[in-house]
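Trainee: Copying in the features that TrEMBL gives for the protein in this structure:
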BINDING   His172, His237, His308, His514  Fe cation binding site
REGION    521-547  region 'Disordered'
Amino acid sequence: MDLIFGRNKKEQVEPVRAKVTGKIPTWLQGMLLRNGPGMHTVGETRYNHWFDGLALLHSFTIRDGEVYYRSKYLRSDTYSANIEANRIVVSEFGTMAYPDPCKNIFSKAFSYLSHTIPDFTDNCLINIMKCGEDFYATTETNYIRKINPQTLETLEKVDYRKYVAVNLATSHPHYDEAGNVLNMGTSIVDKGKTKYVIFKIPATVPEDKKKGTSPWKHTEVFCSIPSRSLLSPSYYHSFGVTENYVVFLEQPFKLDILKMATAYIRGVSWASCLSFHGEDKTYIHIIDQRTRKPVPTKFYTDAMVVFHHVNAYEEDGCILFDVIAYEDNSLYQLFYLANLNQDFEENSRLTSVPTLRRFAVPLHMDKNAEVGSNLIKVASTTATAVKDKDDEVYCQPELLYEGLELPRINYAHNGKPYRYIFSAEVQWSPIPTKIIKYDILTKSSLKWGEASCWPAEPLFVPTPGAKDEDDGVILSAIVSTDPQKLPFLLILDAKSFTELARASVDVEMHLDLHGLFIPATGGASRTQPPAEQQRDRASHGQEAPQN
(Lines of atoms letter the chains of each structure in order from A and count residues from 1; the text may use other names and numbers.)
(Lines give C-alpha, C1' and ligand atoms only; values in the text may rest on other atoms or scores of the structure.)
Protein backbone atom coordinates (compact mmCIF):
# COMPACT_ATOMS: atom_id res chain seq x y z
CA MET A 1 0.00 0.00 0.00
CA ASP A 2 3.00 2.28 0.43
CA LEU A 3 3.23 2.22 -3.37
CA ILE A 4 -0.09 4.07 -3.54
CA PHE A 5 -0.24 6.13 -0.35
CA GLY A 6 3.13 6.73 1.27
CA ARG A 7 5.52 7.28 -1.62
CA ASN A 8 6.02 10.76 -3.06
CA LYS A 9 5.07 10.96 -6.72
CA LYS A 10 7.29 12.56 -9.37
CA GLU A 11 5.65 15.33 -11.32
CA GLN A 12 5.46 15.06 -15.11
CA VAL A 13 5.85 18.69 -16.12
CA GLU A 14 6.22 18.11 -19.87
CA PRO A 15 3.25 16.45 -21.59
CA VAL A 16 3.72 12.79 -22.46
CA ARG A 17 1.66 10.93 -25.02
CA ALA A 18 -0.38 8.01 -23.74
CA LYS A 19 -0.75 4.66 -25.46
CA VAL A 20 -4.39 4.39 -26.47
CA THR A 21 -6.12 1.05 -26.88
CA GLY A 22 -9.71 0.92 -28.10
CA LYS A 23 -11.37 3.88 -29.79
CA ILE A 24 -12.04 7.26 -28.21
CA PRO A 25 -15.28 8.86 -29.49
CA THR A 26 -14.44 11.54 -32.04
CA TRP A 27 -16.61 14.10 -30.22
CA LEU A 28 -14.65 13.74 -26.97
CA GLN A 29 -12.28 16.71 -27.08
CA GLY A 30 -11.01 18.57 -24.03
CA MET A 31 -9.18 18.15 -20.76
CA LEU A 32 -9.80 16.11 -17.62
CA LEU A 33 -8.24 18.14 -14.80
CA ARG A 34 -7.82 16.47 -11.40
CA ASN A 35 -6.41 17.23 -7.96
CA GLY A 36 -5.22 15.20 -4.97
CA PRO A 37 -2.37 14.62 -2.49
CA GLY A 38 0.94 13.57 -4.05
CA MET A 39 3.74 14.30 -1.57
CA HIS A 40 3.61 12.85 1.95
CA THR A 41 7.17 13.33 3.19
CA VAL A 42 9.40 16.41 3.10
CA GLY A 43 13.00 15.78 4.12
CA GLU A 44 12.91 13.68 7.27
CA THR A 45 9.38 14.75 8.20
CA ARG A 46 6.17 12.96 7.31
CA TYR A 47 2.51 13.97 7.25
CA ASN A 48 0.26 12.09 9.63
CA HIS A 49 -2.73 11.90 7.32
CA TRP A 50 -3.19 11.11 3.63
CA PHE A 51 -5.47 14.15 3.22
CA ASP A 52 -2.57 16.38 4.37
CA GLY A 53 -0.29 15.60 1.41
CA LEU A 54 0.91 18.38 -0.86
CA ALA A 55 -1.40 19.00 -3.82
CA LEU A 56 -0.46 17.40 -7.13
CA LEU A 57 -2.46 18.52 -10.16
CA HIS A 58 -2.70 16.31 -13.21
CA SER A 59 -4.47 16.44 -16.54
CA PHE A 60 -5.42 14.28 -19.48
CA THR A 61 -5.74 16.28 -22.68
CA ILE A 62 -7.88 14.47 -25.25
CA ARG A 63 -7.75 15.56 -28.87
CA ASP A 64 -8.40 13.76 -32.13
CA GLY A 65 -8.26 10.32 -30.51
CA GLU A 66 -4.96 11.01 -28.74
CA VAL A 67 -4.32 11.58 -25.03
CA TYR A 68 -1.53 13.60 -23.40
CA TYR A 69 -0.75 13.49 -19.71
CA ARG A 70 1.05 15.91 -17.44
CA SER A 71 1.26 16.59 -13.70
CA LYS A 72 2.67 19.33 -11.54
CA TYR A 73 2.76 20.13 -7.85
CA LEU A 74 0.74 23.15 -6.84
CA ARG A 75 3.31 25.84 -6.03
CA SER A 76 1.41 27.05 -2.98
CA ASP A 77 3.03 29.14 -0.27
CA THR A 78 2.82 25.98 1.83
CA TYR A 79 4.73 23.97 -0.78
CA SER A 80 7.41 26.65 -1.15
CA ALA A 81 7.94 27.03 2.60
CA ASN A 82 8.20 23.27 3.13
CA ILE A 83 10.56 22.68 0.21
CA GLU A 84 12.80 25.60 1.19
CA ALA A 85 13.07 24.33 4.79
CA ASN A 86 13.30 20.69 3.60
CA ARG A 87 10.78 19.74 6.25
CA ILE A 88 7.11 20.29 7.02
CA VAL A 89 6.77 23.78 8.50
CA VAL A 90 3.14 24.55 7.63
CA SER A 91 0.42 22.77 9.59
CA GLU A 92 -2.23 20.72 7.84
CA PHE A 93 -5.47 19.44 9.32
CA GLY A 94 -3.99 16.19 10.59
CA THR A 95 -0.39 17.37 11.10
CA MET A 96 0.71 20.19 13.39
CA ALA A 97 4.04 21.76 12.37
CA TYR A 98 6.33 24.24 14.08
CA PRO A 99 8.18 26.77 11.90
CA ASP A 100 10.75 27.53 14.61
CA PRO A 101 12.96 24.47 15.21
CA CYS A 102 14.21 25.90 18.52
CA LYS A 103 10.68 26.22 19.86
CA ASN A 104 11.90 28.36 22.73
CA ILE A 105 9.25 29.55 25.14
CA PHE A 106 9.05 33.08 23.72
CA SER A 107 8.67 32.09 20.07
CA LYS A 108 6.24 29.34 21.00
CA ALA A 109 4.12 31.72 23.04
CA PHE A 110 4.09 34.25 20.22
CA SER A 111 3.18 31.56 17.68
CA TYR A 112 0.44 30.35 20.00
CA LEU A 113 -1.17 33.78 20.05
CA SER A 114 -1.08 33.99 16.25
CA HIS A 115 -2.71 30.55 15.97
CA THR A 116 -5.77 31.25 18.11
CA ILE A 117 -7.83 31.51 14.94
CA PRO A 118 -5.32 29.82 12.64
CA ASP A 119 -4.05 31.20 9.38
CA PHE A 120 -4.78 28.03 7.52
CA THR A 121 -2.80 26.37 4.76
CA ASP A 122 -3.15 27.16 1.05
CA ASN A 123 -2.31 23.56 0.12
CA CYS A 124 -5.37 23.30 -2.12
CA LEU A 125 -5.51 19.56 -2.76
CA ILE A 126 -9.20 18.62 -2.94
CA ASN A 127 -10.94 19.92 -6.05
CA ILE A 128 -10.92 22.27 -9.04
CA MET A 129 -13.43 25.14 -9.17
CA LYS A 130 -14.42 27.12 -12.26
CA CYS A 131 -15.13 30.81 -11.67
CA GLY A 132 -15.97 32.75 -14.81
CA GLU A 133 -13.22 31.86 -17.28
CA ASP A 134 -10.74 31.01 -14.52
CA PHE A 135 -9.91 27.82 -12.66
CA TYR A 136 -8.89 27.41 -9.03
CA ALA A 137 -7.46 24.60 -6.93
CA THR A 138 -9.50 24.40 -3.74
CA THR A 139 -9.38 22.95 -0.27
CA GLU A 140 -11.55 23.54 2.83
CA THR A 141 -9.75 26.60 4.20
CA ASN A 142 -10.25 30.27 3.27
CA TYR A 143 -7.57 30.06 0.57
CA ILE A 144 -7.82 28.94 -3.06
CA ARG A 145 -5.16 29.12 -5.79
CA LYS A 146 -5.74 30.18 -9.36
CA ILE A 147 -4.13 27.82 -11.87
CA ASN A 148 -3.43 27.69 -15.58
CA PRO A 149 -5.18 24.47 -16.69
CA GLN A 150 -3.03 24.21 -19.82
CA THR A 151 0.36 24.32 -18.09
CA LEU A 152 -0.76 23.51 -14.51
CA GLU A 153 1.14 26.60 -13.43
CA THR A 154 0.17 28.06 -10.05
CA LEU A 155 -1.01 31.68 -10.19
CA GLU A 156 -2.34 34.10 -7.58
CA LYS A 157 -3.65 33.21 -4.15
CA VAL A 158 -7.23 34.26 -3.32
CA ASP A 159 -8.36 34.74 0.27
CA TYR A 160 -12.12 34.32 0.64
CA ARG A 161 -11.98 36.55 3.74
CA LYS A 162 -11.34 39.61 1.59
CA TYR A 163 -14.79 39.19 0.05
CA VAL A 164 -16.87 37.25 2.59
CA ALA A 165 -16.33 36.55 6.30
CA VAL A 166 -15.55 32.81 6.27
CA ASN A 167 -12.67 30.89 7.85
CA LEU A 168 -13.59 27.60 6.18
CA ALA A 169 -15.33 26.86 2.87
CA THR A 170 -16.41 23.77 0.96
CA SER A 171 -14.64 22.38 -2.08
CA HIS A 172 -17.95 21.39 -3.65
CA PRO A 173 -19.63 24.56 -4.94
CA HIS A 174 -22.65 24.56 -7.22
CA TYR A 175 -23.01 26.33 -10.57
CA ASP A 176 -26.15 27.75 -12.13
CA GLU A 177 -26.79 27.83 -15.87
CA ALA A 178 -25.10 31.24 -16.15
CA GLY A 179 -21.97 29.89 -14.48
CA ASN A 180 -22.43 31.78 -11.22
CA VAL A 181 -20.88 29.98 -8.25
CA LEU A 182 -22.84 29.19 -5.08
CA ASN A 183 -20.76 28.04 -2.13
CA MET A 184 -20.86 28.06 1.65
CA GLY A 185 -18.42 28.40 4.51
CA THR A 186 -18.20 28.82 8.26
CA SER A 187 -17.63 32.15 9.96
CA ILE A 188 -16.00 31.40 13.33
CA VAL A 189 -16.94 33.71 16.23
CA ASP A 190 -17.29 36.77 13.99
CA LYS A 191 -18.77 39.66 16.02
CA GLY A 192 -19.70 37.22 18.74
CA LYS A 193 -21.48 34.81 16.40
CA THR A 194 -20.56 31.60 14.61
CA LYS A 195 -22.59 31.05 11.48
CA TYR A 196 -22.78 29.20 8.20
CA VAL A 197 -22.59 31.61 5.29
CA ILE A 198 -23.93 30.84 1.81
CA PHE A 199 -22.35 33.15 -0.76
CA LYS A 200 -22.56 33.76 -4.48
CA ILE A 201 -19.70 34.62 -6.87
CA PRO A 202 -20.83 36.02 -10.23
CA ALA A 203 -19.44 34.46 -13.39
CA THR A 204 -18.99 37.88 -14.95
CA VAL A 205 -18.73 41.46 -13.77
CA PRO A 206 -21.81 43.60 -14.57
CA GLU A 207 -21.31 45.69 -17.72
CA ASP A 208 -21.87 48.94 -15.91
CA LYS A 209 -18.93 48.23 -13.61
CA LYS A 210 -15.36 49.15 -14.33
CA LYS A 211 -13.78 47.03 -17.03
CA GLY A 212 -11.32 44.47 -15.72
CA THR A 213 -12.79 44.37 -12.23
CA SER A 214 -12.58 40.92 -10.64
CA PRO A 215 -15.85 39.00 -10.10
CA TRP A 216 -14.60 38.33 -6.58
CA LYS A 217 -15.29 41.93 -5.63
CA HIS A 218 -18.96 41.32 -6.45
CA THR A 219 -19.26 38.30 -4.15
CA GLU A 220 -22.44 38.59 -2.11
CA VAL A 221 -23.70 36.89 1.01
CA PHE A 222 -26.74 34.89 -0.06
CA CYS A 223 -27.87 33.76 3.39
CA SER A 224 -26.54 33.18 6.91
CA ILE A 225 -27.57 30.39 9.28
CA PRO A 226 -26.60 30.71 12.96
CA SER A 227 -24.66 27.74 14.30
CA ARG A 228 -26.54 25.89 17.03
CA SER A 229 -23.36 26.21 19.09
CA LEU A 230 -21.10 29.27 19.25
CA LEU A 231 -17.95 27.22 19.91
CA SER A 232 -18.78 23.89 18.22
CA PRO A 233 -19.89 24.41 14.61
CA SER A 234 -20.68 21.46 12.36
CA TYR A 235 -18.14 20.06 9.92
CA TYR A 236 -19.49 19.66 6.38
CA HIS A 237 -17.93 18.90 3.03
CA SER A 238 -20.77 19.71 0.62
CA PHE A 239 -24.39 20.81 0.40
CA GLY A 240 -27.36 20.38 -1.93
CA VAL A 241 -29.43 22.64 -4.16
CA THR A 242 -32.76 22.38 -5.96
CA GLU A 243 -34.20 24.91 -8.39
CA ASN A 244 -35.64 26.94 -5.52
CA TYR A 245 -33.92 25.75 -2.34
CA VAL A 246 -30.58 25.05 -0.67
CA VAL A 247 -30.19 21.96 1.53
CA PHE A 248 -27.65 22.10 4.36
CA LEU A 249 -27.03 19.40 6.97
CA GLU A 250 -25.81 20.61 10.36
CA GLN A 251 -24.44 17.32 11.60
CA PRO A 252 -23.12 16.30 15.03
CA PHE A 253 -19.58 15.97 13.64
CA LYS A 254 -18.29 19.14 15.29
CA LEU A 255 -15.18 21.30 15.44
CA ASP A 256 -14.33 22.40 18.99
CA ILE A 257 -13.14 26.01 18.62
CA LEU A 258 -11.59 26.21 22.08
CA LYS A 259 -9.60 23.03 21.47
CA MET A 260 -8.56 24.35 18.07
CA ALA A 261 -7.38 27.62 19.60
CA THR A 262 -5.07 25.74 21.96
CA ALA A 263 -4.04 22.94 19.57
CA TYR A 264 -0.78 24.62 18.60
CA ILE A 265 0.47 25.14 22.14
CA ARG A 266 -0.64 21.61 23.09
CA GLY A 267 1.16 20.11 20.09
CA VAL A 268 -1.88 18.33 18.69
CA SER A 269 -3.51 18.51 15.24
CA TRP A 270 -6.68 20.39 14.38
CA ALA A 271 -8.19 17.04 13.38
CA SER A 272 -8.07 16.03 17.04
CA CYS A 273 -10.48 18.91 17.70
CA LEU A 274 -13.16 17.23 15.57
CA SER A 275 -15.49 14.88 17.39
CA PHE A 276 -18.66 12.97 16.59
CA HIS A 277 -21.57 13.23 19.02
CA GLY A 278 -23.68 10.16 18.30
CA GLU A 279 -26.29 11.14 20.87
CA ASP A 280 -27.14 14.36 19.02
CA LYS A 281 -29.41 15.00 16.05
CA THR A 282 -28.60 16.00 12.48
CA TYR A 283 -30.50 19.17 11.57
CA ILE A 284 -31.76 19.67 8.02
CA HIS A 285 -31.78 23.33 7.03
CA ILE A 286 -33.86 24.28 3.98
CA ILE A 287 -33.17 27.78 2.59
CA ASP A 288 -35.58 29.35 0.11
CA GLN A 289 -33.49 30.83 -2.70
CA ARG A 290 -36.23 33.35 -3.53
CA THR A 291 -36.54 34.85 -0.04
CA ARG A 292 -32.96 33.94 0.96
CA LYS A 293 -34.29 32.82 4.32
CA PRO A 294 -34.48 29.41 6.00
CA VAL A 295 -37.81 27.62 6.05
CA PRO A 296 -39.07 28.02 9.66
CA THR A 297 -39.99 24.35 10.26
CA LYS A 298 -37.28 22.43 12.14
CA PHE A 299 -36.37 19.23 10.31
CA TYR A 300 -34.04 16.71 11.87
CA THR A 301 -32.85 13.12 11.56
CA ASP A 302 -30.58 10.76 13.46
CA ALA A 303 -26.87 11.37 14.00
CA MET A 304 -24.81 10.71 10.87
CA VAL A 305 -21.76 11.96 9.00
CA VAL A 306 -22.15 13.09 5.40
CA PHE A 307 -19.28 14.14 3.16
CA HIS A 308 -21.00 14.08 -0.21
CA HIS A 309 -24.44 15.22 -1.30
CA VAL A 310 -25.46 13.51 -4.54
CA ASN A 311 -28.41 15.58 -5.77
CA ALA A 312 -31.68 17.19 -4.66
CA TYR A 313 -34.90 18.17 -6.39
CA GLU A 314 -38.51 19.15 -5.77
CA GLU A 315 -41.46 16.83 -6.29
CA ASP A 316 -45.13 17.22 -5.27
CA GLY A 317 -44.53 19.77 -2.53
CA CYS A 318 -41.47 17.98 -1.15
CA ILE A 319 -37.71 18.16 -1.46
CA LEU A 320 -36.07 14.82 -2.15
CA PHE A 321 -32.33 14.79 -1.52
CA ASP A 322 -29.78 12.00 -1.73
CA VAL A 323 -26.59 11.78 0.32
CA ILE A 324 -23.81 9.30 1.08
CA ALA A 325 -24.03 8.84 4.86
CA TYR A 326 -21.97 7.12 7.55
CA GLU A 327 -23.01 6.06 11.04
CA ASP A 328 -19.92 7.73 12.54
CA ASN A 329 -16.66 9.52 11.67
CA SER A 330 -14.49 6.40 11.32
CA LEU A 331 -13.72 7.11 7.65
CA TYR A 332 -11.41 10.01 8.48
CA GLN A 333 -9.52 7.89 11.02
CA LEU A 334 -8.79 5.19 8.44
CA PHE A 335 -6.73 7.52 6.25
CA TYR A 336 -4.02 8.18 8.82
CA LEU A 337 -0.85 7.05 7.06
CA ALA A 338 0.03 4.82 10.01
CA ASN A 339 -2.95 2.67 8.99
CA LEU A 340 -2.07 2.60 5.30
CA ASN A 341 0.72 0.04 5.55
CA GLN A 342 1.22 -3.69 5.17
CA ASP A 343 -1.57 -4.27 7.70
CA PHE A 344 -3.90 -2.18 5.58
CA GLU A 345 -6.62 -4.82 5.16
CA GLU A 346 -6.93 -5.34 8.89
CA ASN A 347 -6.58 -1.65 9.82
CA SER A 348 -8.99 -0.24 7.29
CA ARG A 349 -12.09 -2.34 7.75
CA LEU A 350 -14.95 0.11 7.69
CA THR A 351 -16.93 0.23 10.90
CA SER A 352 -19.51 2.24 9.00
CA VAL A 353 -20.20 1.47 5.34
CA PRO A 354 -21.19 4.50 3.22
CA THR A 355 -24.88 4.24 2.42
CA LEU A 356 -26.88 6.02 -0.25
CA ARG A 357 -29.84 7.51 1.60
CA ARG A 358 -32.81 9.40 0.21
CA PHE A 359 -34.54 11.94 2.45
CA ALA A 360 -37.89 13.59 1.86
CA VAL A 361 -38.78 16.95 3.41
CA PRO A 362 -42.26 18.51 3.12
CA LEU A 363 -42.14 22.14 2.04
CA HIS A 364 -45.46 23.04 3.62
CA MET A 365 -46.46 21.92 7.10
CA ASP A 366 -50.05 20.70 7.41
CA LYS A 367 -51.19 22.42 10.62
CA ASN A 368 -54.05 19.94 10.93
CA ALA A 369 -51.86 16.87 10.65
CA GLU A 370 -51.73 14.78 13.80
CA VAL A 371 -48.54 14.42 15.79
CA GLY A 372 -46.94 11.12 14.73
CA SER A 373 -48.35 11.22 11.19
CA ASN A 374 -46.21 10.91 8.07
CA LEU A 375 -46.26 14.12 6.03
CA ILE A 376 -44.76 12.54 2.88
CA LYS A 377 -47.26 11.51 0.21
CA VAL A 378 -44.79 11.13 -2.66
CA ALA A 379 -45.13 7.68 -4.21
CA SER A 380 -41.54 7.50 -5.50
CA THR A 381 -39.92 7.01 -2.07
CA THR A 382 -40.46 5.21 1.22
CA ALA A 383 -38.68 8.01 3.11
CA THR A 384 -40.83 9.48 5.86
CA ALA A 385 -41.18 12.82 7.63
CA VAL A 386 -43.10 12.39 10.87
CA LYS A 387 -44.68 15.36 12.62
CA ASP A 388 -43.05 15.50 16.04
CA LYS A 389 -44.38 18.82 17.30
CA ASP A 390 -46.14 21.74 15.64
CA ASP A 391 -42.89 23.06 14.20
CA GLU A 392 -40.64 19.96 14.30
CA VAL A 393 -40.44 17.07 11.85
CA TYR A 394 -38.41 13.88 12.22
CA CYS A 395 -37.13 12.55 8.89
CA GLN A 396 -36.19 8.93 8.24
CA PRO A 397 -34.49 8.08 4.95
CA GLU A 398 -35.02 5.38 2.39
CA LEU A 399 -31.87 3.25 2.15
CA LEU A 400 -31.06 2.84 -1.52
CA TYR A 401 -27.63 1.17 -1.69
CA GLU A 402 -24.66 0.26 0.50
CA GLY A 403 -21.07 0.80 -0.54
CA LEU A 404 -20.95 3.98 -2.65
CA GLU A 405 -18.65 7.00 -2.50
CA LEU A 406 -17.39 9.84 -4.68
CA PRO A 407 -20.78 10.23 -6.43
CA ARG A 408 -21.21 12.18 -9.66
CA ILE A 409 -24.23 12.81 -11.88
CA ASN A 410 -25.03 14.30 -15.24
CA TYR A 411 -24.73 17.90 -14.01
CA ALA A 412 -27.44 19.07 -16.40
CA HIS A 413 -29.77 17.34 -13.90
CA ASN A 414 -28.30 19.04 -10.85
CA GLY A 415 -31.16 20.33 -8.68
CA LYS A 416 -33.65 18.54 -10.95
CA PRO A 417 -35.21 15.06 -11.16
CA TYR A 418 -32.58 12.51 -12.16
CA ARG A 419 -32.10 8.78 -12.47
CA TYR A 420 -28.41 7.81 -12.54
CA ILE A 421 -25.53 8.04 -10.08
CA PHE A 422 -21.98 7.34 -11.24
CA SER A 423 -19.81 6.44 -8.31
CA ALA A 424 -16.92 4.48 -6.90
CA GLU A 425 -17.93 1.27 -5.14
CA VAL A 426 -16.41 0.65 -1.72
CA GLN A 427 -17.08 -2.42 0.35
CA TRP A 428 -14.98 -3.58 3.32
CA SER A 429 -12.48 -0.72 3.01
CA PRO A 430 -12.64 2.97 2.05
CA ILE A 431 -10.65 2.29 -1.13
CA PRO A 432 -12.70 2.03 -4.34
CA THR A 433 -12.34 -1.20 -6.27
CA LYS A 434 -15.01 -0.70 -8.93
CA ILE A 435 -16.97 1.97 -10.74
CA ILE A 436 -20.72 1.67 -10.49
CA LYS A 437 -23.71 3.13 -12.31
CA TYR A 438 -26.70 3.05 -10.00
CA ASP A 439 -30.22 3.38 -11.42
CA ILE A 440 -32.45 5.01 -8.80
CA LEU A 441 -35.63 4.11 -10.70
CA THR A 442 -35.02 0.37 -11.10
CA LYS A 443 -32.67 0.00 -8.09
CA SER A 444 -30.27 -1.85 -10.41
CA SER A 445 -26.61 -1.27 -11.17
CA LEU A 446 -23.87 -1.78 -13.74
CA LYS A 447 -20.22 -2.12 -12.71
CA TRP A 448 -16.69 -1.95 -14.09
CA GLY A 449 -13.74 -3.46 -12.27
CA GLU A 450 -10.34 -4.98 -12.96
CA ALA A 451 -7.85 -6.83 -10.77
CA SER A 452 -5.30 -4.61 -8.97
CA CYS A 453 -7.04 -1.43 -10.18
CA TRP A 454 -8.22 1.42 -7.98
CA PRO A 455 -10.46 3.87 -9.84
CA ALA A 456 -10.74 7.55 -9.03
CA GLU A 457 -14.03 9.44 -8.89
CA PRO A 458 -15.90 8.73 -12.17
CA LEU A 459 -16.85 11.84 -14.13
CA PHE A 460 -19.70 11.98 -16.66
CA VAL A 461 -19.24 13.85 -19.95
CA PRO A 462 -22.39 14.14 -22.10
CA THR A 463 -22.46 13.49 -25.82
CA PRO A 464 -23.06 16.79 -27.67
CA GLY A 465 -26.80 17.22 -28.21
CA ALA A 466 -27.61 14.28 -25.94
CA LYS A 467 -31.25 13.78 -24.96
CA ASP A 468 -30.90 10.80 -22.61
CA GLU A 469 -29.48 11.39 -19.13
CA ASP A 470 -26.86 8.67 -19.57
CA ASP A 471 -25.88 9.47 -23.17
CA GLY A 472 -22.16 10.14 -22.83
CA VAL A 473 -18.96 8.70 -21.41
CA ILE A 474 -17.44 8.10 -17.99
CA LEU A 475 -13.85 9.18 -17.37
CA SER A 476 -11.79 7.84 -14.47
CA ALA A 477 -8.06 7.89 -13.71
CA ILE A 478 -7.00 4.37 -12.68
CA VAL A 479 -3.97 3.53 -10.56
CA SER A 480 -2.74 0.00 -10.01
CA THR A 481 -1.34 -1.86 -7.03
CA ASP A 482 0.50 -4.09 -9.54
CA PRO A 483 3.84 -2.41 -10.38
CA GLN A 484 3.80 -4.18 -13.74
CA LYS A 485 0.55 -2.50 -14.80
CA LEU A 486 0.71 1.12 -15.99
CA PRO A 487 -1.85 3.63 -14.75
CA PHE A 488 -4.41 4.72 -17.31
CA LEU A 489 -7.35 6.91 -18.16
CA LEU A 490 -10.45 4.77 -18.54
CA ILE A 491 -13.24 5.76 -20.94
CA LEU A 492 -16.54 3.91 -20.53
CA ASP A 493 -19.78 4.15 -22.47
CA ALA A 494 -22.11 5.60 -19.83
CA LYS A 495 -25.16 3.71 -21.11
CA SER A 496 -23.78 0.18 -21.30
CA PHE A 497 -20.80 0.65 -18.96
CA THR A 498 -18.59 -1.14 -21.46
CA GLU A 499 -15.02 -0.01 -22.03
CA LEU A 500 -14.51 2.15 -25.11
CA ALA A 501 -10.84 2.94 -24.65
CA ARG A 502 -8.01 3.34 -22.20
CA ALA A 503 -4.95 5.59 -22.36
CA SER A 504 -1.97 4.13 -20.48
CA VAL A 505 0.89 6.37 -19.35
CA ASP A 506 4.34 5.43 -18.07
CA VAL A 507 4.31 7.88 -15.15
CA GLU A 508 3.89 7.87 -11.38
CA MET A 509 0.20 8.66 -11.17
CA HIS A 510 -1.34 9.43 -7.78
CA LEU A 511 -4.74 8.52 -6.42
CA ASP A 512 -6.65 11.79 -6.78
CA LEU A 513 -9.79 13.18 -5.14
CA HIS A 514 -11.90 15.43 -7.36
CA GLY A 515 -11.78 17.41 -10.58
CA LEU A 516 -13.65 18.49 -13.69
CA PHE A 517 -13.73 18.21 -17.47
CA ILE A 518 -13.01 21.25 -19.61
CA PRO A 519 -14.54 20.85 -23.09
CA ALA A 520 -12.49 22.05 -26.02
CA THR A 521 -13.70 25.12 -27.86
CA GLY A 522 -13.65 25.57 -31.58
CA GLY A 523 -13.31 21.93 -32.54
CA ALA A 524 -10.22 20.02 -31.45
CA SER A 525 -8.75 20.84 -28.07
CA ARG A 526 -5.97 23.37 -28.11
CA THR A 527 -4.97 22.97 -24.51
CA GLN A 528 -1.24 23.12 -25.27
CA PRO A 529 0.85 25.76 -27.06
CA PRO A 530 1.68 24.85 -30.68
CA ALA A 531 5.36 24.35 -29.81
CA GLU A 532 4.43 21.74 -27.24
CA GLN A 533 2.07 20.04 -29.68
CA GLN A 534 4.86 19.80 -32.27
CA ARG A 535 7.33 18.51 -29.69
CA ASP A 536 4.86 15.87 -28.52
CA ARG A 537 4.20 14.67 -32.04
CA ALA A 538 7.93 14.58 -32.74
CA SER A 539 8.50 12.47 -29.62
CA HIS A 540 5.69 10.07 -30.52
CA GLY A 541 6.28 6.74 -28.87
CA GLN A 542 9.12 7.90 -26.62
CA GLU A 543 9.13 7.32 -22.88
CA ALA A 544 8.04 10.04 -20.52
CA PRO A 545 10.91 12.43 -19.74
CA GLN A 546 12.14 12.08 -16.16
CA ASN A 547 12.47 15.07 -13.87
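Placement of Cβ uses the backbone N, Cα and C atoms for every residue, glycine included.
How about a rundown of where these features are and what they're close to?
Mentor: Sequence-distant neighbours of His237 (Fe cation binding site): residues of the same chain at least 6 apart with a C-beta under 8 Å from its C-beta are Glu140, Thr170, Ser171, His172, Val306, Phe307, His308.
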Trainee: Name them in sequence order: residues not among His172, His237, His308, His514 whose Cβ is within 8 Å of the mean position of the Cβ atoms defining the Fe cation site.
Mentor: Ile126, Asn127, Thr170, Ser171, Ser238, Phe307, His309
Trainee: Far apart in sequence but close in space: which same-chain residues, 6 or more away, have a Cβ under 8 Å from His514 (Fe cation binding site)?
Mentor: Arg34, Asn35, Gly36, Ile126, Asn127, Ile128, Ser171, His172, Leu406, Glu457
Trainee: When you measure from the Cβ of His172 (Fe cation binding site), how many other Cβ atoms are you left with inside 10 Å?
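Mentor: His172 (Fe cation binding site) is surrounded by 21 other Cβ atoms within 10 Å.
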